[in-house]
Amino acid sequence: MDPSSFPTQRLFLQSVECDVYLRRSLTLVISSSDQPSPMTSLPFQSCDYVPEIPDSQMEECILNFEKNPSKEIFSSCISLLHEFLRGAPFREYQESMYFDRFLQWKSLERQAVTKDTFRQYRVLGKGGFGEVCACQVRATGKMYACKKLEKKRIKKRKGESMALNEKQILEKVNSRFVVSLAYAYETKDALCLVLTIMNGGDLKFHIYNMGNPGFEEERVVFYAAEICCGLDHLHQEGIVYRDLKPENILLDDDGHIRISDLGLAIKIPDGESIRGRVGTVGYMAPEVIKNERYTFSPDWWGLGCIIYEMIEGQSPFRARKERVKREEVEKRVQEEQESYSDKFTEDAKSICKMLLAKDPKQRLGCSDQGASQVKQQPFLRNINFKRLEAGILKASFVPDPRAVYCKDVLDIEQFSTVKGVNLDKTDNDFYAKFATGCVPIPWQNEMIETECFKDLNDFGPNGTRSPDLDWRQLPEPPKRSLLQRIFRRHPADYGITQNDSSLSNANTTNHHFQSRTATANVSS
């Protein structure tokens with residue numbers, strides 16, 4: 001019997017003293033990175049500090065401030081600091097118990113992820129290849145949304161490249177305004193993306209199901225600003241989203257939004273443009289409909305459509321529930337001018353007109369200034385974007401934690417069974433590229449937010465090494481709680497002996513495990 005199937009899911013910090021490859025690879029990654037991962041920032045307390053900043057650097061900062069006051073005025077100081085940290089402080093860090101502890105966490109991060117890592121809960125909705133349901137990490141208690149991509153449905157629709165593209169883009173983007181990918185794994189029948197859970201519903205639900213269609217301008221301004229930041233972060237990575245619409249903008253518990261469903265997003269090579277007639281009818285830009293080449297212009301058109309719809313309570317080129325052919329909607333988008341009711345202030349009308357310019361060369365956001373040009377518009381004058389991007393600003397609307405902002409489970413249409421498709425060994429290469437386990441930064445943030453990092457990260461008294469970091473002695477075995485001792489059988493009760501080959505390797509590995517466990521551990 002596999003020890004991982006015992007009744008209690010626990011987090012253990014494993015000995016990595018002999019993992020030379022992990023030690024070398026992490027040393028290279030950390031020393032070359034200007035943005036350390038969350039867990040490397042915390043234990044860097046052992047380092048020395050820069051004694052002083054040279055006068056020449058101070059003068060350069062003053063000149064930068066006078067010439068161009070921005071967040072870049074300290075760039076020379078930051079470069080100096082990074083150069084200093086790469087020297088003696090980093091070598092000191094490598095020899096410290098903090099680096100050994102980080103190696104333990106990285107080893108834990110690289111453990112296999114399976115369906116047994118999670119508890120599955122109610123269905124939240126459906127995607128293109130399968131259901132989306134709520135799930136919970138057993139070891140930490142953190143909730144996520146699990147997007148399931150049925151293997152047979154992917155193969156039938158030849159959607160392998162689309163599914164892998166979405167996974168790789170989600171893995172690359174780290175923004176508070178775009179859903180984060182925390183885990184990617186596979187089951188017998190599906191590929192699974194474990195994403196940020198957004199309990200507040202989508203913008204479409206709020207626009208049309210919470211009283212009169214549309215929002216007050218203050219709320220529109222806040223959502224428009226956060227969407228603008230999300231697009232900015234995607235564009236900085238060279239990614240065009242291409243499917244901006246209200247149902248793809250989700251609210252979290254605090255009322256902040258994230259862009260979701262990156263199935264149509266694509267990375268644009270530097271200095272190039274792309275062509276692709278993709279998107280949703282009524283939200284596709286004229287250049288997309290005409291199959292012309294573009295870079296990021298379709299996203300700014302989409303922002304214009306969303307701002308218009310949030311104010312008017314209907315999209316700019318099709319009335320709600322209007323029965324009209326696709327060709328007619330596309331003709332309106334290319335030829336007709338949208339109309340504005342008295343719901344629009346002059347500032348709102350101005351930004352919509354500039355974002356909905358038919359010619360992408362004339363469209364707001366499509367110049368070299370990009371998102372900064374949009375952020376400077378009078379419509380967004382009351383938004384402090386520095387505070388917004390830092391997560392300091394409070395949302396103008398906070399969802400009721402007792403309300404359910406989505407369809408009833410019975411109203412979510414179920415997928416039919418895929419017939420006539422067989423999976424074989426040739427599909428395994430694709431599955432291996434997809435099911436890569438934990439995504440480092442979201443996983444490390446989860447460990448910190450749920451206090452598992454704090455609970456497991458104890459050191460010895462007076463700054464000494466704890467037993468699990470002292471390779472000269474063996475740590476105590478993991479302790480069993482009183483309830484476990486009363487209600488749970490010991491592994492030996494299952495008929496497993498120390499001579500069993502299935503357990504002998506685990507015992508050897510567990511020899512160096514940290515004996516403490518996280519308080520968030522839960523019974524399976």
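Every residue gets a Cβ built from N, Cα and C, even glycine.
Note that TrEMBL annotation is computational and uncurated.
From a predicted model like this one, the values you see are computed outputs, not experimental measurements.
Database features, via TrEMBL:
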DOMAIN    66-103  domain 'RGS'
DOMAIN    118-380  domain 'Protein kinase'
BINDING   Lys156  ATP binding site
ACT_SITE  Asp243  active site, proton acceptor
REGION    497-524  region 'Disordered'
Cβ neighbour count (10 Å, all chains) around Asp243 (active site, proton acceptor) is 22
Reported in the order helix, strand, coil, what are the DSSP residue counts of the domain 'RGS' (66-103)?
27 helix, 0 strand, 11 coil
Taking the Cβ of Lys156 (ATP binding site) as the centre, how many other Cβ atoms fall within a 10 Å radius?
14
Give the distance between the Cα atoms of Lys156 (ATP binding site) and the residue listed as 'active site, proton acceptor', rounded to the nearest whole Å.
23
